[in-house]
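Per TrEMBL, the features are:
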DOMAIN    175-496  domain 'PDEase'
ACT_SITE  H251  active site, proton donor
BINDING   H251, N252, F253, R254, H255, D292, D401, Q452  AMP binding site
BINDING   H255, H291, D292, D401  Zn(2+) 1 binding site
BINDING   D292  Zn(2+) 2 binding site
Amino acid sequence: MGSSSSSYAPKTVYLDVDGKVQKVVFSRHCSPCDIKELLCTSSNIPRHTAIMMVDPEGALVSMDPTMPPNSPNSLYKVVPLSTGQVGEKEDMFQNVLTQVADQFSRAFRINELKTEVTNRLAMLEKRVELEGLKVVEIEKCKNDLKKLRDEMASRGCRVNCTCKYNFDDGKKVTPRRDVSNYPKYTLSQETIEALKKPTFDVWHWEHNEMLSCLEYMYHDLGLVKEFNMNPITLKRWLLAIQENYRNNPFHNFRHCFCVSQMMYGMINLCNLQEKMTLTDMGILMTAAVCHDLDHPGYNNTYQINARTELAVRYNDISPLENHHCAVAFQILSLPECNIFANVDSEAFKQFRQAIITLILATDMARHGEILESFKQKVDSFDFTNEEHVTCLKMVLIKCCDISNEVRPTEVAEPWVDCLLEEYFMQSDREKSEGLPVAPFMDRDKVTKPTAQIGFIKFVLIPMFETVMKLFPQIEEIMVQPLRDSRDHYEELKQIDDAMTEGSSFVIKLRKDL
């Protein structure tokens, strides 16, 4: 018992501090680091200063729990190491790094972040496993881009961003496979219910399944019956639509399905069938399905700056959106794909004009104009006023077109990666052609948080909150996820900024030393 007690007894040493005796008591279980700090404090020396301790004869004394005891008559002295002594810089640098690490650990909860990163990595790995095809498509786009660059370099000139179709040669768009090769899927009740919600996971479906879901939406909304659509013609039309979306990283058929499913979800969530006509439902759904047909993967700014065929054809006025409309009605001009074949000519004119109006509204250059117009109407909105309803339909397709952040994080975040990949393809091409590059598209300047924060705060939230005034039921399921997404990306940006600042501090410190 006696030996056990003595092993826990504190240890005492006596120091000479400015000619006075200073008693220092510490546990035998203290670390050498703690003992050094205690000795520095007792000797009025700044913490983390490199020190040594000597006995009255000048011999070095170890500064750890095993140091030999002394008495008030045989004082130890703590001496700061001089500038020229070996190891000073290394100790100072190590001390600073230790402080920085401690501060980072306390400020940013490193262990919690490690756990979160691990969980997110596991989620991403699962997503990549499930969506290997998407990755392959992106890689294919990268390879196509490389080939294009090589071709441009060999020609020494600019290559125009062309569209698939030459409208002067009378050539028509046709689906490359017929309905016989279009498998019939029976949707489960669970899928049917999920389709009506913004939380629907669009990444778990192959193209044929997405076609079946779109077909179901037209039947469920009563559009097939209302417009006397031939069900086989509807299938052929959907096939032609799918065939005429390109394999871009972002603006592809999955994006078309995503926007159309969100439109179907908003129709159900906002009970639009009770407030608007079936003609309005048909216009909303068809415009959503067709809104990005034959998108080349390069936006209007590129088309105009590069003076492409599309920009020349449409006089720099929404060239892409005009092209989407043209391809949409070229498909509908085919008898085997004309889902409105049984609609009288006057009604078809109204359909055509309304669909064109909605697709042209998806040009983000018109965002401020359209939202301001809707804000002026929303407080006294009248569903019997045609102008009010048209403005609402324009805002609804805009909401659906840019609604990815409304969805759960695991569904929304891969879309950000796809969009940035498409942006980087464009900015790389703009650099190679000597064209202006938008900072939000430049791979050397943009990050995922910086790309999303401004867009969510100043575009998405104001627009959805305005729609919420008319349909309060969207707040919980659509507006709140946007606010959560904004907070998520702002937190990521704070962490990125802190890490950058810490790295800069360490680099500067290395230079100073």
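Yeah, the Cβs are placed from backbone N, Cα and C, and that goes for glycine too.
Automatic, uncurated: that is what TrEMBL annotation is.
For N252 (AMP binding site) paired with H291 (Zn(2+) 1 binding site), the C-alpha to C-alpha distance reads 11 Å. Neighbouring residues of the recorded Zn(2+) 1 site, listed in sequence order and excluding H255, H291, D292, D401, comprise H251, C256, V259, A288, H295, T362 (Cβ within 8 Å of the Cβ centroid). One residue stands out among the binding-site residues N252, Q452 for having the most other Cβ atoms within 10 Å of its Cβ: Q452.
In this structure the alpha carbons, written CA, of F253 (AMP binding site) and H291 (Zn(2+) 1 binding site) are 11 Å apart. H251 (active site, proton donor) and H291 (Zn(2+) 1 binding site) are 10 Å apart (CA-CA, integer value). Taking each of the binding-site residues D292, D401 in turn and counting other Cβ atoms within 10 Å of its Cβ gives the largest count for D292. D401 (AMP binding site) and H251 (active site, proton donor) have their C-alpha atoms 11 Å apart, to the nearest angstrom.
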